[in-house]
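Undergrad: Reproduced below are the annotations present in TrEMBL:
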- A:6-28: transmembrane segment (TRANSMEM)
- A:64-84: transmembrane segment (TRANSMEM)
- A:96-116: transmembrane segment (TRANSMEM)
- A:128-150: transmembrane segment (TRANSMEM)
- A:170-189: transmembrane segment (TRANSMEM)
- A:219-243: transmembrane segment (TRANSMEM)
- A:249-269: transmembrane segment (TRANSMEM)
- A:281-297: transmembrane segment (TRANSMEM)
Amino acid sequence: MAPIELLIELTLMPLIAFIVGMMMVLMMRRIAAKIQRRIGPPFFQPLYDIVKLHGKRTQVSHGLIHDIGIVMAMGGYIAAETLLPVPGMDGIAEKGGLITLLYLMMIPSLGLALGVGQCANPNGSIGIARALTAMLAYDIPLVIVIFGVAYAAGTTNLVEIIATQQAGGFATWGVIEMPLLAIAGLIAMHASLGKQPFEIYIAPAEIATGPMVEMSGKYLGGLFVMQCFQLYTTSVLYVSLFLGGGTTWFDFLIKSFLVLAIPVSIAYLFPRYRTEDLLRLMWKWPVMLGLIGLAFVM
Amino acid sequence: MVMSRIQKIPVVEEKKGNPLARVFDDLVRFCRSRSLFILHYCTGCGAIELPPAMTSRFDMERLGIQPMVSPRQADILLITGYVSIKTLKRVILTYEQMGSPKYVVGICSCTVNGGMYWQSYATAKKLDEYMPVDLYIAGCMPRPEAVISGLQKLMDRIKSGEADSWQDYYQNYDYYLGNQQKLFGEDWQTPTDIITEAKHYELMGEGTLGEHTRLLEQHQNPLEALEMRLGHNIKEPIE
Ligand code: SF4
């Protein structure tokens, strides 16, 4: 591939991810509104929020690490987008592989931990401690699921995994071949989104949005951007692993929005767990399902 | 009369002939008006009208108005009722921590003139003596429709760029500080250094410095970063 072509892909992929991600945020808020019998925000609301936050006059920074932390939180996901194949564009997915992707998806939480640490706000510290605990909880089933899929496919190359699923048609989709892993993956994905019942680290009523408590202006705006990327990355990863990726943009987007709609609609029906309950739940059910699924694959 | 005191900040004349020069400013102003995060500091009985305004019945989110939990994230400070003197201290701390542009909305008659607490020794009567108020919604208490239509007025003013009374706090800090000192005593100090902030963002006005700020400087403890220590009380809370 010509370097210039690659360069275009590497810029386009995060950009598309951002736009799709904003629509996912919109969908999330609309679903929440529908469940609560409200009308919900207007179409461009996520964009208004982000522009407004970046356009604030006073921007309160708590120091250099605070700035870097936010950049890491966004940058981890932006790098992850280039490893996620979308219809017509592979980026550097072939060279990166699943394991790199998994690593990159952990960077945002670590960046956030750095940034929040400098804010010296007790609510923020509690929030970030919980966020890292939650990461510990959902990463174990996630790793089992990803290992299972990679083992079944015989490769960690996402492009190949998608290609085999598309070549074999619907019957070879991950969700048909490995249903247990797919269910475990869905639960892990839900937890990694940090939505209720797994919303232990945002918890507005208890620790005042945890990591976000001291963020204002463009720092909060950066986190809003990060949320767009987060929704996109998790749902597209799931679609690539279990739903055969997308042959065209149309079915790709439909699949990713549908996948995301499942945890989001569950989220707004439930209150949340406590930290230790989350840990117990995540290490029991999805891990058990994942291990049984893994045994079937082996 | 808050609005008349604001001095226009001299704008550097932009090059003529570029029709796109103002587009970005307009876009930001529009987005500001369509995305308002409110911090509802529920001081008095008026707070009871906010849940219906926010939830299914009237749904403020369709106007882009969302509740937020910490002052750093918020754009609007809603004062929903009478403010006792002790509460006012917290309100001022909260107000100063919010990122500009910020707007204060006084809901209820009690914030306008003390309302039925006029004779009380423990309440602050007029909110706009202590911080610039963008909008009052009178009533005891105003219905959610009134709250929403008031916020829509605020949105129009933000869109047209009129709602800039947050600058007044920087430009006439001396006046506000004076009123605060009258109420809380001469050693009143908040953790936010407004004068330095005004200098940094070039918002100094004729009224920023004065006799009251001189008084503040005499006893002001320099602001230091909090020490991170376990098992030890951080300094006593401001009282
Ligand atoms: S105006 Fe009436 S409802 Fe509002 S705070 Fe005062 S007494 Fe309460």
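Heads up, the Cβ atoms here are built off N, Cα and C, so glycines get one too.
How about a rundown of where these features are and what they're close to?
TA: Residues 9-10, 13-14, 17, 91-93, 96-97, 100-101, 104-119, 158, 215, 219, 222-223, 225-226, 229-230, 232-233, 236-237, 240 of the same chain lie 6+ residues outside the transmembrane segment (A:64-84) yet bring a C-beta within less than 8 angstroms of a C-beta in it.
Through the fold, the transmembrane segment (A:96-116) approaches residues 65-77, 79-80, 82-84, 124-125, 127-128, 131-132, 135, 139, 142-143, 146, 149-150, 156-158, 161, 192, 211, 214, 219, 223, 226, 230, 233, 237 of its own chain, all at least 6 residues removed from its boundaries and within a Cβ separation under 8 Å.
Long-range Cβ contacts of the transmembrane segment (A:281-297) within its own chain (Cβ-Cβ under 8 Å, at least 6 residues beyond either end) map to 137-138, 140-141, 144-145, 147-148, 151-152, 178-181, 183-185, 187-188, 191, 273.
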Undergrad: Sort out for me which stretch, of A:128-150, A:170-189, A:219-243, A:249-269, has the most Cβ pairs below 8 angstroms to the transmembrane segment (A:6-28).
TA: A:219-243
Undergrad: Would you kindly list the residues that approach the transmembrane segment (A:219-243) from elsewhere in its chain, counting only those six or more residues past its ends and only Cβ-Cβ distances under 8 Å?
TA: 14, 17-18, 20-22, 24-25, 28, 46, 49-50, 52-54, 59-61, 66, 70-71, 73-74, 77-78, 80-81, 84-86, 101, 105, 108, 112, 115, 145-146, 149, 158, 161-162, 165, 173-175, 178, 181-182, 185-186, 189, 192-193, 211-212, 252, 255-257, 259-260
Undergrad: Residue list, the transmembrane segment (A:128-150) vs rest of chain: Cβ under 8 Å, 6 or more residues beyond ends.
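TA: Contacts with the transmembrane segment (A:128-150): 98, 102, 106, 109, 112-113, 116-117, 156, 161, 174, 178, 181, 184-185, 187-189, 191-192, 194, 198, 200-201, 203, 207, 210-211, 241-242, 275, 278-279, 282-283, 286-287, 289-291, 293-294, 297.
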Undergrad: With Cβ-Cβ distances below 8 Å as the criterion, list the same-chain residues six or more beyond the ends of the transmembrane segment (A:249-269) that contact it, or say none.
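TA: Residues 20, 23-24, 27-28, 31-32, 35-36, 86-88, 186, 189-190, 193, 195-197, 199, 231-232, 234-236, 238-239, 243.
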